[in-house]
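Heads up, the thing below is written out as structure tokens.
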Amino acid sequence: MAHLLLLHGPNLNLLGTREPEIYGRITLPQIDAALAERATAAGHGLSSLQSNAEHVLIERIHATPEDGTAFILINPGAFTHTSVALRDALLAVALPFVEIHLSNPYTREPFRHHSYLADKALGVVCGFGVDSYRIALEGVIARLGSDV
């Protein structure tokens, strides 16, 4: 059994109400519950954290070596395009991670076209709405089954 950590960045607490034409109507607690259920069915544990504060996400990443986290799934939200600190934290703990986005940043404003995480991620899943999370989790489960 592996422990998986799911991190959500700024404004994702507003899912279901914020720009539903882009992000959909499903709420973050609904996403977390569905992913935790799927991880459990695959024999793994999953915990999640959402924060609008960069330092909270970084501190949680820093705690992963001591808590047995095997894999990180992260939707960094707007921190994707701005946070060298988040990138450095992920590199410091040296755990595999997948970057997730509900929308496809490359079809949006030009400032969203750059990710500070993508070149270090095992993979990036974007543009499939809520299914982006499910696809990412299935990829992680498959990797864990093959002894990353």
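Every residue, even glycine, has its Cβ placed from backbone N, Cα and C.
According to Swiss-Prot, the protein carries these features:
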ACT_SITE  Tyr23  active site, proton acceptor
ACT_SITE  His101  active site, proton donor
BINDING   Asn75, His81, Asp88, Leu102, Ser103, Arg112  substrate binding site
SITE      Arg18  site 'Transition state stabilizer'
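What Swiss-Prot annotates, mapped onto the structure for a quick look.
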residue	record	Cβ contacts under 8 Å, 6 or more apart
Arg18	site 'Transition state stabilizer'	Asn11
Tyr23	active site, proton acceptor	Leu15, Leu102, Ser103, Gly129
Asn75	substrate binding site	Leu7, His8, Gly9, Leu12, Glu99, Ile100, His101, Leu102, Ser132, Tyr133
Asp88	substrate binding site	none
Arg112	substrate binding site	Thr80, His81, Pro105, Tyr106
Fewest other Cβ within 10 angstroms of its own Cβ, chosen from the recorded positions His81, His101: His81
Neighbour-count leader, CB within 10 A, binding-site residues: Leu102, Ser103: Leu102
Farthest-apart CA atoms of Asn75, His81, Asp88, Leu102, Ser103, Arg112, residues recorded for substrate, distance in Å: 24
